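Data block below; observations after.
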Amino acid sequence: MVPEIGKFNALGKPDTLYPCGKPDGYNILHAAQWPWFLSQVAIMHEEFVTLRGRVIYLTKVFQSRCRRLVYHLLLVDDCDEYEQQKEIMAAQYLTPTPPPTEEGGFSDRLPLLHRHGQRGATFARTCFNATNALSGIGVLSIPYALAQGGWMSLALFFWVATVCYYTGLLLQRCMDADPNIRSYPDIGDFAFGYKGRMTVAVFMYLELYLIAVSFLILEGDNLDKLFPNTELKLPYLQIKGKQLFLLLSAILIMPTTWLRNLNGLAYISAGGVVASAVLLGSVLWIGVNDVGFQKKGRVINFSGLPTALGLFCVCFTSHAVFPTIHASMRERSKFSKVLLISFSICVLNYGAMTVLGFLMYGEDLKSQVTLNLPIESIGSTIAICTTLINPFAKYALTITPIALAIEEWLMFSCKRSYSILVKTLLLISTVIVALSIPFFAFLMAFIGSFLSIMVSVLLPCIFYLKIYRVSQRNRFEFTIVVGIIVSGVLVSMVGTYSSVEQIIFSL
């Protein structure tokens, strides 16, 4: 049967000019004055164009349905809302802020995320998003943290989790101060103006940059574990081991940084919770069937406590995205319960990994627990492959906000070639840093001690005191917040000094 002509044009879109078909006088099928063979050619051409339009249209419909299915599996209610949130998370640090109003705040400014009436993420989906944000590569190094600090350092682990949970609640209260606060830099802007926004942005950019460096180190270490004694010989150069795999990983990652649409990578990186569960299950399987749980380890090691504290802090510091998750929630008054559930899940996951790894390998633990696993075990292969996928997908997502900031500053936003150049140079710079400082545990300890404590502990407390002037209202709460600030400064100073010293001595 010949498809009805005129319904779809050659681009696969409905024919709005002739929605019910072209008139008889226009349709070539009624051109009786044409020779017979030309009429047949014209008919075949018209049928081909119509069928092609139908195929293109149905393909687009199928792609749209698949995309909506993926969004549903990612626990997002609204596709357009998810796209807006993803774009905001990449550019939220670049949004200019007008001066405050006379009543205080910046209530006349447009919100960063458009409201969709009562739409938004449900409670369960918000819990998943928050838990996924907390589930990062810190799970690999947390057993090493316990090996450095000893069994008594578990008390510090729970102390860090409690403090980070409390500062998450402080961020929620800061957002409640003005309905137009939609991101972490907005909180800094509301408290201290442009200087507050820039302070938050600088620390967040630096943290993202060093996390991108740690991704490359992680890829090199684990690929070297999978394929030991691999080397590349050139006429005047020999590259082997971790350095070779780090360079190969960078080459493979480079095209992903050039993508304009990072949807596919976002789908993979959203599986942080699943990846953590798979990794924990693999380690438990290897412990039960291969290694056993017979190591005891030291009770406490004071010299390793600064490193342990820094690594513990990395595990619970996702405060940069908490405001965005809070803004996308349908019932924002329940965000405190979301934090409680998410932190509880992560404490159980991290705690189980810590204890299992320490009981399996004791003080022989390496910077990443996957480097201790026996390579001949199928569980080890599953654990290492799971570990490799997320950093590969998250690298481009991690450096995109930095690249956008540089492009905005250099006014390259409208030139794709310049955007590719900026992202390529960023990748090359992270490769140089990773080759120069290939110490995953020490780098993660530095990130946790300096940047994570600043972003997730100190700044939330400072912003809260400034916005609510707690000293004039509640002396008890003021004492708690100031105590957290003082202890955070001390931990940051000691941990930063210790990690920098270990990096220098290891060079």
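We number each residue from 1, going along the chain as drawn.
Cβ coordinates are placed from backbone N, Cα and C, and glycine is handled just like the others.
Owing to the predicted nature of the structure, the values given are computational and were not obtained by experimental measurement.
TrEMBL annotations:
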| type | residues | note |
| --- | --- | --- |
| DOMAIN | 120-499 | domain 'Amino acid transporter transmembrane' |
| TRANSMEM | 151-171 | transmembrane segment |
| TRANSMEM | 200-218 | transmembrane segment |
| TRANSMEM | 243-259 | transmembrane segment |
| TRANSMEM | 266-288 | transmembrane segment |
| TRANSMEM | 308-326 | transmembrane segment |
| TRANSMEM | 338-361 | transmembrane segment |
| TRANSMEM | 381-406 | transmembrane segment |
| TRANSMEM | 418-437 | transmembrane segment |
| TRANSMEM | 443-465 | transmembrane segment |
| TRANSMEM | 477-497 | transmembrane segment |
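Between the transmembrane segment (381-406) and the transmembrane segment (338-361) there are fewer than 3 Cβ pairs closer than 8 Å, counting only pairs 6 or more residues apart in sequence, which means the two stretches are not in contact.
Most Cβ pairs under 8 A with the transmembrane segment (308-326) among the ranges 151-171, 200-218, 338-361, 443-465 are made by 443-465. Away from its own ends, the transmembrane segment (443-465) comes close to residues 137-138, 141, 163-164, 167-168, 170-171, 173-174, 184, 187-188, 190-192, 196, 199-200, 203-204, 206-207, 210-211, 213-214, 217, 306-307, 309-314, 316-320, 367, 437, 471, 478, 481-482, 484-485, 488-489, 491-492, 494-496, 498-500, 502-503 of its chain (Cβ-Cβ under 8 Å, at least six residues beyond either end). Outside the transmembrane segment (418-437) by six or more residues, the chain places 209, 212-213, 216-217, 220, 243, 246-247, 250, 253-254, 257-258, 399-400, 402-403, 406-407, 410, 412, 443, 503, 507 with a CB less than 8 A from a CB of the stretch.
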